[in-house]
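Structure first, commentary second.
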Amino acid sequence: MSATWPQRFGHFLALCKLRVVALIVFTALVGMALSVPGMIPLDALLIGNLGIGLAAASAAAINHLLDARADRIMARTRNRPLPRGELDERQVLAFAIALAVASMVLLVAFINVLTAVLTFASLIGYAVIYTAYLKHATPQNIVIGGAAGAAPPILGWTAVTGEIHAHALILFLIVFVWTPPHFWALAIYRRHDYEAADVPMLPVTHGVEFTRLQILFYSIILVLVTLLPYLTGMSGAVYLAGSIVLNIGFMGYALAMLRPKSEQLAMQMFNYSVIYLMALFAFLLIDHYL
Ligand code: HEM
Ligand SMILES: CC(C)=CCC/C(C)=C/CC/C(C)=C/COP(=O)(O)OP(=O)(O)O
């Protein structure tokens, strides 16, 4: 029996990794906010974020396409539209291209070419370089690939000002350093999945204990990097206070993870990492407008 229209719509929506895209767009929005003293210009706010979101959704759809083989094997991903046969490869490719073209047209026509070029580079970075190559080549996959996911604050910044400011690079650095602990916490919990699918994630290639140490290492760097907005004068005391509270939680998880019996904790740390980034960027935003 063929799918109804609402069902089909749901399948295409599932390709977009909407919750990830939502957080990506939020970091872009904060990049926009911090780039100017007053309100974000309306074209950047509406069209800029839409263009960035469409590119991220397109990248996610291409990731589904290129990773269908591994997704079919892993318990976490085997219910995705391609492994379940709800969509075929041609439909996913057409959808991804349509989103990418829409994104580029919006960004070039209404924002600026620099933002369009950087957004396209992020799309290729995640959808092709990370998914098709790095992910299956090296356990440093997500460290390098993280650069694509960390780009949105820069994209937001350039969407408003047309240039890359050092403060935008600080925001990039925060997401870049946050990504390894974010992902490796989940990878520890899901390591048997990755092993079965032959994906060389760090807990598979170097073991859980080493991965926990790496999580701690990146968490310490993250604490230091999240001080930069305050130390450079980009943000004030409200941000500092918020980031300290969030960082105590992050370090708490990273240290608690060192205990041998921390299987469930890994998943809790992963969930916390998402709340952490959302809240940290919310503090940047609140601090900016206070
Ligand atoms: C190379 C970089 C990254 C990797 C490898 C990665 C990996 C993952 C994985 C495997 C999941 C689990 C999804 C699931 O359960 O189906 C996830 C969830 C999530 N990631 Fe990341 N991530 C990366 C970067 C980012 C970035 C840059 C953001 C946002 C700024 C982000 C936001 C999220 C959110 C919000 C979730 C929760 C999604 C949900 O609840 O469905 N991730 N990530
Ligand atoms: C602005 C722009 C174009 C940004 C693109 C960056 C982007 C969409 C990053 C998403 C990161 C992410 C969800 C990785 C999932 O890893 P995975 O693919 O290994 O996880 P999976 O096993 O769940 O597919």
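Just so you know, glycine gets a Cβ as well, placed from its N, Cα and C.
Small disclaimer: the values here were computed from a predicted structure and weren't measured.
The transmembrane segment feature in TrEMBL is assigned to 20-40 (among others).
Outside the transmembrane segment (46-66) by six or more residues, the chain places 15-18, 20-21, 24-25, 28-29, 32, 80-82, 89, 92-93, 95-97, 99-100, 102-104, 106-107, 110-111, 115-116, 119-120, 122-123, 126-128, 131-132, 148, 152, 155-156, 159-160 with a CB less than 8 A from a CB of the stretch. Annotated transmembrane segment per TrEMBL: 46-66 (among others), in sequence order.
Cβ atoms under 8 Å from those of the transmembrane segment (92-111) belong to residues 12, 15, 43-44, 47-48, 50-52, 54-55, 57-58, 61-62, 64-65, 81-82, 119-120, 123, 127, 159 of the same chain, restricted to positions at least 6 beyond its ends. Residues or ranges marked as transmembrane segment in TrEMBL: 92-111 (among others).
Panel annotation: around the transmembrane segment (117-134), residues 51-52, 55-56, 58-60, 62-63, 66-67, 96, 100, 103-104, 107, 140-142, 144-145, 147-149, 151-152, 154-155, 158 of the same chain, lying at least six beyond its termini, place a Cβ under 8 Å from a Cβ of the stretch. Among the features that TrEMBL reports, transmembrane segment is placed at 117-134 (among others).
As annotated by TrEMBL, transmembrane segment applies to 141-160 (among others). Within the chain carrying the transmembrane segment (141-160), a Cβ under 8 angstroms from the stretch's Cβ atoms is held by residues 24-25, 27-36, 40-41, 44, 48-49, 51-52, 56, 59, 107, 111-112, 114-115, 118-119, 121-123, 125-126, 129-130, 134-135, 167-169, 171-176, 179-180, 183-184, 200-201, all 6 or more beyond its ends.
Beyond its flanks by at least six residues, the transmembrane segment (166-189) meets 27, 30-31, 34-35, 142-143, 146-147, 149-154, 157-158, 201-204, 208, 211-212, 214-215, 218-219, 221-222, 225-226, 228-229, 232, 234, 250, 253-254, 257, 263, 266-267, 269-270, 273-274, 276-277, 280, 284 of its own chain at Cβ-Cβ distances under 8 Å. Positions annotated as transmembrane segment by TrEMBL: 166-189 (among others).
Proximity of distant same-chain residues to the transmembrane segment (210-231), defined by a Cβ-Cβ separation under 8 Å and at least 6 residues beyond the stretch ends, is recorded for 167, 170-171, 173-174, 177-178, 180-181, 184-185, 187-188, 202-203, 237, 239-240, 243, 246-247, 250-251, 253-255, 257-258, 262, 269, 280, 284. Sequence annotations record features per position, and here TrEMBL assigns transmembrane segment to 210-231 (among others).
If one looks beyond the transmembrane segment (237-258) by at least 6 residues along the same chain, the residues whose Cβ comes under 8 Å of a Cβ in the stretch are 181, 185, 188, 212-213, 215-216, 219-220, 222-223, 226-227, 229-230, 265-266, 268-269, 272-273, 276, 279-280, 282-284, 286-287, 290. The feature transmembrane segment is assigned by TrEMBL to 237-258 (among others).
Within the chain carrying the transmembrane segment (270-289), a Cβ under 8 angstroms from the stretch's Cβ atoms is held by residues 23, 26-27, 29-30, 33-34, 171, 174-175, 178, 181-182, 185-186, 189, 226, 229, 235-239, 242-243, 246, 249-250, 253, all 6 or more beyond its ends. Per TrEMBL, transmembrane segment is recorded for 270-289 (among others).
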